[in-house]
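K.L.:
Have a look at the structure that comes next, please.
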Amino acid sequence: MPGDASMIVIGAGSYGTALAITLARNGHEVLLWGHDPAHIQALEAVRCNQAFLPDVPFPPTLRLEASLPTALAASRDVLIVVPSHVFGSVLTELKPHLRQDARIVWATKGLEAETGRLLQEVAREVLGDQIPLAVLSGPTFARELAAGLPTAIALAATDATFSADLQRLLHCGKSFRVYSNPDLIGVQLGGAVKNVIAIGAGISDGIGFGANARTALITRGLAEMSRLGAAMGAEPGTFMGMAGLGDLVLTCTDNQSRNRRFGLLLGQGVGFEAVQETIGQVVEGYRNTKEVLALAGRYGVEMPITEQIYQVLYQNKNAHQAALTLLGRAQKDERAGG
(Lines of atoms letter the chains of each structure in order from A and count residues from 1; the text may use other names and numbers.)
(Lines give C-alpha, C1' and ligand atoms only; values in the text may rest on other atoms or scores of the structure.)
Protein backbone atom coordinates (compact mmCIF):
# COMPACT_ATOMS: atom_id res chain seq x y z
CA MET A 1 0.00 0.00 0.00
CA PRO A 2 1.23 3.54 -0.78
CA GLY A 3 2.66 5.35 2.20
CA ASP A 4 3.48 2.21 4.17
CA ALA A 5 7.27 2.67 4.30
CA SER A 6 9.53 5.34 5.77
CA MET A 7 12.13 4.98 3.01
CA ILE A 8 12.72 3.23 -0.29
CA VAL A 9 16.34 2.22 -0.90
CA ILE A 10 17.30 1.89 -4.57
CA GLY A 11 20.35 -0.35 -4.95
CA ALA A 12 20.86 -3.70 -3.24
CA GLY A 13 24.65 -3.76 -3.28
CA SER A 14 26.78 -3.68 -0.14
CA TYR A 15 26.26 -0.02 0.79
CA GLY A 16 22.59 0.16 -0.16
CA THR A 17 21.90 -2.96 1.88
CA ALA A 18 23.87 -1.59 4.85
CA LEU A 19 21.90 1.66 4.83
CA ALA A 20 18.62 -0.23 4.52
CA ILE A 21 19.60 -2.39 7.51
CA THR A 22 20.51 0.73 9.51
CA LEU A 23 17.17 2.39 8.77
CA ALA A 24 15.26 -0.78 9.64
CA ARG A 25 17.27 -1.27 12.80
CA ASN A 26 16.11 2.20 13.85
CA GLY A 27 12.55 0.86 13.81
CA HIS A 28 11.50 2.17 10.39
CA GLU A 29 9.69 0.28 7.65
CA VAL A 30 12.12 0.08 4.73
CA LEU A 31 11.79 -1.27 1.19
CA LEU A 32 14.94 -2.38 -0.62
CA TRP A 33 14.80 -2.56 -4.44
CA GLY A 34 17.41 -3.86 -6.85
CA HIS A 35 17.51 -4.01 -10.63
CA ASP A 36 17.79 -7.82 -10.73
CA PRO A 37 14.55 -9.56 -9.60
CA ALA A 38 16.38 -12.87 -9.13
CA HIS A 39 18.83 -11.19 -6.74
CA ILE A 40 15.96 -9.65 -4.77
CA GLN A 41 14.26 -13.04 -4.53
CA ALA A 42 17.51 -14.58 -3.27
CA LEU A 43 17.85 -11.89 -0.61
CA GLU A 44 14.28 -12.51 0.50
CA ALA A 45 14.83 -16.26 0.66
CA VAL A 46 17.75 -16.08 3.09
CA ARG A 47 17.02 -12.67 4.69
CA CYS A 48 20.59 -11.45 4.30
CA ASN A 49 22.94 -10.26 1.55
CA GLN A 50 25.22 -13.27 1.35
CA ALA A 51 27.42 -11.78 -1.37
CA PHE A 52 28.42 -8.66 0.57
CA LEU A 53 27.18 -8.85 4.18
CA PRO A 54 26.78 -12.56 4.92
CA ASP A 55 26.82 -12.27 8.71
CA VAL A 56 24.16 -9.57 9.04
CA PRO A 57 20.52 -10.77 9.06
CA PHE A 58 17.83 -8.39 7.85
CA PRO A 59 15.69 -6.78 10.56
CA PRO A 60 11.98 -7.69 10.37
CA THR A 61 11.03 -4.22 9.12
CA LEU A 62 13.30 -4.47 6.05
CA ARG A 63 11.27 -5.72 3.10
CA LEU A 64 12.43 -6.66 -0.39
CA GLU A 65 10.63 -5.46 -3.50
CA ALA A 66 11.29 -6.45 -7.13
CA SER A 67 8.69 -4.14 -8.69
CA LEU A 68 9.92 -0.57 -9.08
CA PRO A 69 6.44 1.04 -9.38
CA THR A 70 5.26 -0.83 -6.29
CA ALA A 71 8.33 0.21 -4.32
CA LEU A 72 8.12 3.88 -5.27
CA ALA A 73 4.42 4.05 -4.41
CA ALA A 74 5.20 3.06 -0.83
CA SER A 75 6.99 6.22 0.34
CA ARG A 76 7.76 9.79 -0.63
CA ASP A 77 11.41 9.42 0.43
CA VAL A 78 13.81 7.61 -1.91
CA LEU A 79 17.45 6.82 -1.10
CA ILE A 80 19.56 6.04 -4.18
CA VAL A 81 22.72 3.96 -3.72
CA VAL A 82 24.04 3.04 -7.17
CA PRO A 83 27.37 3.59 -8.97
CA SER A 84 27.86 7.16 -10.18
CA HIS A 85 28.10 6.19 -13.86
CA VAL A 86 24.49 4.90 -13.84
CA PHE A 87 23.05 7.57 -11.52
CA GLY A 88 21.43 9.56 -14.33
CA SER A 89 19.92 6.52 -16.04
CA VAL A 90 18.52 5.26 -12.73
CA LEU A 91 16.87 8.64 -12.08
CA THR A 92 15.35 8.52 -15.56
CA GLU A 93 13.99 5.05 -14.82
CA LEU A 94 12.53 6.20 -11.49
CA LYS A 95 10.97 9.44 -12.71
CA PRO A 96 7.67 8.12 -14.18
CA HIS A 97 6.91 6.21 -10.97
CA LEU A 98 7.80 8.83 -8.34
CA ARG A 99 5.04 10.20 -6.15
CA GLN A 100 4.07 13.84 -6.52
CA ASP A 101 5.50 14.57 -3.07
CA ALA A 102 8.72 12.61 -3.65
CA ARG A 103 12.02 13.62 -2.04
CA ILE A 104 15.34 12.21 -3.28
CA VAL A 105 18.52 11.53 -1.31
CA TRP A 106 21.57 9.67 -2.58
CA ALA A 107 24.61 8.07 -1.00
CA THR A 108 26.36 7.64 -4.36
CA LYS A 109 29.87 9.09 -4.34
CA GLY A 110 31.32 10.39 -7.57
CA LEU A 111 30.60 12.55 -10.59
CA GLU A 112 28.60 11.99 -13.74
CA ALA A 113 30.51 9.88 -16.24
CA GLU A 114 32.11 11.81 -19.10
CA THR A 115 30.71 15.25 -18.15
CA GLY A 116 32.14 15.40 -14.61
CA ARG A 117 29.00 17.15 -13.37
CA LEU A 118 27.98 16.99 -9.73
CA LEU A 119 25.14 14.52 -9.21
CA GLN A 120 22.96 17.37 -7.95
CA GLU A 121 23.12 18.89 -11.44
CA VAL A 122 22.13 15.55 -12.97
CA ALA A 123 19.19 15.21 -10.57
CA ARG A 124 17.97 18.72 -11.35
CA GLU A 125 18.17 18.08 -15.09
CA VAL A 126 16.19 14.84 -14.85
CA LEU A 127 13.72 15.69 -12.07
CA GLY A 128 13.31 19.47 -12.30
CA ASP A 129 13.83 22.30 -9.85
CA GLN A 130 11.04 21.67 -7.35
CA ILE A 131 11.83 18.26 -5.87
CA PRO A 132 13.82 18.35 -2.59
CA LEU A 133 17.30 16.81 -2.91
CA ALA A 134 19.89 15.62 -0.41
CA VAL A 135 23.21 13.80 -0.33
CA LEU A 136 24.85 11.55 2.28
CA SER A 137 28.63 11.30 2.31
CA GLY A 138 31.34 10.47 4.78
CA PRO A 139 33.60 7.74 6.19
CA THR A 140 31.37 4.69 5.99
CA PHE A 141 32.40 1.15 5.12
CA ALA A 142 29.33 -0.97 4.48
CA ARG A 143 30.42 -3.91 6.63
CA GLU A 144 31.00 -1.78 9.73
CA LEU A 145 27.79 0.19 9.22
CA ALA A 146 25.74 -2.99 8.82
CA ALA A 147 27.39 -4.52 11.90
CA GLY A 148 26.24 -1.54 13.98
CA LEU A 149 29.76 -0.27 14.69
CA PRO A 150 30.01 3.46 15.52
CA THR A 151 29.87 5.59 12.37
CA ALA A 152 29.37 9.28 11.54
CA ILE A 153 28.36 10.85 8.24
CA ALA A 154 27.52 14.23 6.68
CA LEU A 155 24.14 15.15 5.22
CA ALA A 156 23.51 18.10 2.89
CA ALA A 157 20.03 18.98 1.61
CA THR A 158 18.29 21.65 -0.44
CA ASP A 159 15.40 21.75 2.04
CA ALA A 160 15.66 22.22 5.81
CA THR A 161 12.61 20.08 6.55
CA PHE A 162 13.97 17.23 4.44
CA SER A 163 17.33 17.51 6.20
CA ALA A 164 15.70 17.30 9.63
CA ASP A 165 13.55 14.34 8.58
CA LEU A 166 16.57 12.45 7.25
CA GLN A 167 18.54 13.09 10.43
CA ARG A 168 15.64 11.72 12.45
CA LEU A 169 15.33 8.61 10.25
CA LEU A 170 19.04 7.79 10.15
CA HIS A 171 20.41 8.97 13.47
CA CYS A 172 20.94 6.29 16.09
CA GLY A 173 22.47 7.34 19.40
CA LYS A 174 24.11 3.94 19.83
CA SER A 175 25.95 3.70 16.54
CA PHE A 176 25.13 6.16 13.74
CA ARG A 177 25.59 9.93 14.02
CA VAL A 178 24.42 12.23 11.20
CA TYR A 179 25.82 15.76 10.92
CA SER A 180 23.89 18.25 8.80
CA ASN A 181 25.83 20.54 6.45
CA PRO A 182 24.24 23.04 4.03
CA ASP A 183 27.16 22.79 1.58
CA LEU A 184 25.90 20.46 -1.16
CA ILE A 185 28.82 21.26 -3.46
CA GLY A 186 31.49 20.46 -0.89
CA VAL A 187 29.83 17.31 0.43
CA GLN A 188 29.47 15.91 -3.11
CA LEU A 189 32.95 16.93 -4.23
CA GLY A 190 34.68 15.41 -1.20
CA GLY A 191 33.14 12.03 -1.96
CA ALA A 192 34.50 12.12 -5.52
CA VAL A 193 38.01 13.47 -4.99
CA LYS A 194 38.79 11.15 -2.07
CA ASN A 195 38.30 8.18 -4.41
CA VAL A 196 41.11 9.46 -6.62
CA ILE A 197 43.51 10.18 -3.77
CA ALA A 198 42.80 6.74 -2.28
CA ILE A 199 44.04 5.12 -5.48
CA GLY A 200 47.20 7.22 -5.13
CA ALA A 201 47.65 6.15 -1.51
CA GLY A 202 47.29 2.53 -2.55
CA ILE A 203 49.84 2.95 -5.34
CA SER A 204 52.29 4.54 -2.89
CA ASP A 205 51.92 1.68 -0.42
CA GLY A 206 52.08 -0.90 -3.20
CA ILE A 207 55.42 0.50 -4.32
CA GLY A 208 56.59 0.35 -0.71
CA PHE A 209 57.08 4.05 -0.02
CA GLY A 210 55.89 3.75 3.58
CA ALA A 211 53.80 5.71 6.07
CA ASN A 212 55.56 9.06 5.61
CA ALA A 213 54.76 9.12 1.90
CA ARG A 214 51.17 8.00 2.47
CA THR A 215 50.58 10.77 4.99
CA ALA A 216 52.11 13.39 2.71
CA LEU A 217 49.91 12.22 -0.14
CA ILE A 218 46.76 12.38 2.00
CA THR A 219 47.65 15.88 3.20
CA ARG A 220 48.43 17.23 -0.26
CA GLY A 221 45.39 15.40 -1.62
CA LEU A 222 43.26 17.29 0.88
CA ALA A 223 44.84 20.50 -0.39
CA GLU A 224 43.85 19.59 -3.96
CA MET A 225 40.31 18.81 -2.85
CA SER A 226 40.05 22.11 -0.99
CA ARG A 227 41.41 24.19 -3.89
CA LEU A 228 38.96 22.69 -6.35
CA GLY A 229 36.14 23.12 -3.86
CA ALA A 230 36.96 26.79 -3.34
CA ALA A 231 36.94 27.37 -7.10
CA MET A 232 33.52 25.70 -7.36
CA GLY A 233 31.98 27.68 -4.50
CA ALA A 234 32.16 25.12 -1.69
CA GLU A 235 32.61 26.08 1.95
CA PRO A 236 36.24 25.57 3.11
CA GLY A 237 35.18 24.03 6.42
CA THR A 238 33.38 21.18 4.68
CA PHE A 239 36.69 19.62 3.68
CA MET A 240 37.78 19.41 7.32
CA GLY A 241 34.62 17.45 8.14
CA MET A 242 33.17 14.01 7.56
CA ALA A 243 32.72 14.35 3.78
CA GLY A 244 36.26 15.68 3.32
CA LEU A 245 39.07 14.75 5.69
CA GLY A 246 37.06 12.01 7.39
CA ASP A 247 36.28 10.08 4.23
CA LEU A 248 39.73 10.78 2.79
CA VAL A 249 41.60 9.30 5.76
CA LEU A 250 39.34 6.26 5.93
CA THR A 251 39.57 5.47 2.23
CA CYS A 252 43.33 6.02 2.02
CA THR A 253 44.31 3.93 5.03
CA ASP A 254 42.06 0.87 5.22
CA ASN A 255 42.01 -2.06 2.82
CA GLN A 256 38.22 -2.29 2.97
CA SER A 257 38.42 0.53 0.41
CA ARG A 258 38.19 -0.79 -3.15
CA ASN A 259 39.93 2.35 -4.42
CA ARG A 260 42.88 1.82 -2.10
CA ARG A 261 43.13 -1.90 -2.96
CA PHE A 262 42.95 -1.02 -6.65
CA GLY A 263 45.95 1.31 -6.28
CA LEU A 264 47.79 -1.12 -4.03
CA LEU A 265 47.73 -3.83 -6.69
CA LEU A 266 48.79 -1.39 -9.41
CA GLY A 267 51.69 -0.25 -7.23
CA GLN A 268 52.73 -3.89 -6.80
CA GLY A 269 52.94 -4.24 -10.57
CA VAL A 270 49.77 -6.26 -11.15
CA GLY A 271 48.31 -5.76 -14.63
CA PHE A 272 45.28 -3.51 -15.06
CA GLU A 273 42.85 -6.22 -16.19
CA ALA A 274 43.98 -8.56 -13.42
CA VAL A 275 43.45 -5.79 -10.87
CA GLN A 276 39.89 -5.19 -12.05
CA GLU A 277 39.16 -8.92 -11.92
CA THR A 278 40.60 -9.20 -8.41
CA ILE A 279 38.57 -6.28 -7.02
CA GLY A 280 35.38 -7.60 -8.60
CA GLN A 281 33.25 -4.52 -7.81
CA VAL A 282 32.96 -1.00 -9.19
CA VAL A 283 36.02 1.14 -8.41
CA GLU A 284 34.58 4.66 -8.48
CA GLY A 285 37.99 6.30 -8.37
CA TYR A 286 38.97 4.92 -11.76
CA ARG A 287 36.28 6.92 -13.56
CA ASN A 288 36.42 9.78 -11.06
CA THR A 289 40.07 10.44 -11.88
CA LYS A 290 39.24 11.43 -15.44
CA GLU A 291 36.24 13.48 -14.34
CA VAL A 292 38.00 15.29 -11.48
CA LEU A 293 40.92 16.22 -13.72
CA ALA A 294 38.46 17.60 -16.29
CA LEU A 295 36.82 19.67 -13.54
CA ALA A 296 40.22 20.98 -12.47
CA GLY A 297 40.92 22.08 -16.03
CA ARG A 298 37.53 23.73 -16.32
CA TYR A 299 38.10 25.76 -13.15
CA GLY A 300 41.81 26.40 -13.70
CA VAL A 301 42.91 24.52 -10.57
CA GLU A 302 46.29 22.77 -10.39
CA MET A 303 45.94 19.18 -9.09
CA PRO A 304 49.32 17.47 -9.60
CA ILE A 305 48.51 14.29 -7.66
CA THR A 306 45.30 13.77 -9.60
CA GLU A 307 47.16 14.43 -12.85
CA GLN A 308 49.81 11.79 -12.12
CA ILE A 309 47.20 9.23 -11.11
CA TYR A 310 45.40 9.96 -14.39
CA GLN A 311 48.61 9.32 -16.31
CA VAL A 312 49.09 5.98 -14.55
CA LEU A 313 45.49 4.87 -15.17
CA TYR A 314 44.91 6.19 -18.67
CA GLN A 315 48.32 6.79 -20.25
CA ASN A 316 50.22 3.73 -18.99
CA LYS A 317 52.72 5.77 -17.02
CA ASN A 318 54.85 3.73 -14.65
CA ALA A 319 53.56 4.20 -11.09
CA HIS A 320 57.04 4.61 -9.62
CA GLN A 321 57.90 7.22 -12.24
CA ALA A 322 54.68 9.10 -11.46
CA ALA A 323 55.70 9.26 -7.80
CA LEU A 324 59.15 10.55 -8.74
CA THR A 325 57.52 13.22 -10.92
CA LEU A 326 55.60 14.49 -7.89
CA LEU A 327 58.68 14.46 -5.67
CA GLY A 328 60.70 16.29 -8.30
CA ARG A 329 58.34 19.23 -8.68
CA ALA A 330 59.64 22.74 -8.04
CA GLN A 331 59.90 23.85 -4.42
CA LYS A 332 57.10 26.08 -3.18
CA ASP A 333 55.25 27.39 -0.14
CA GLU A 334 52.98 24.75 1.40
CA ARG A 335 50.11 27.25 1.38
CA ALA A 336 50.41 27.97 -2.34
CA GLY A 337 48.38 26.21 -5.00
CA GLY A 338 49.86 23.06 -6.56
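Backbone N, Cα and C define each Cβ position, glycine as well.
I grabbed these lines from Swiss-Prot:
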ACT_SITE  K194  active site, proton acceptor
BINDING   S14, Y15, H35, K109, A142, R258, V282, E284  NADPH binding site
BINDING   K109, G138, T140, K194, D247, S257, R258, N259  sn-glycerol 3-phosphate binding site
K.L.:
Starting from the Cβ of S14 (NADPH binding site), draw a 10 Å sphere and report how many other Cβ atoms land inside it.
P.N.:
20
K.L.:
Given the recorded positions H35, A142, K194, R258, E284, which lie close to D247 (sn-glycerol 3-phosphate binding site), meaning Cα to Cα within 10 A?
P.N.:
K194
K.L.:
Say you check the Cα of A142 (NADPH binding site) against those of the recorded positions K194, S257, N259; which is nearest?
P.N.:
S257
K.L.:
Count the Cβ atoms, other than its own, that fall within 10 Å of the Cβ of D247 (sn-glycerol 3-phosphate binding site), considering every protein chain shown.
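P.N.:
Other Cβ atoms within 10 Å of D247 (sn-glycerol 3-phosphate binding site): 26.
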K.L.:
What is the one among the recorded positions H35, K109, K194, R258 whose Cβ has the most other Cβ atoms less than or equal to 10 Å away?
P.N.:
K194
K.L.:
Between the binding-site residues A142, V282, whose Cβ has more other Cβ atoms within 10 Å than any of the rest?
P.N.:
A142
K.L.:
Roughly how many Å lie between the Cα atoms of V282 (NADPH binding site) and G138 (sn-glycerol 3-phosphate binding site), rounded to a whole value?
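P.N.:
Just about 18 Å between their Cα atoms.
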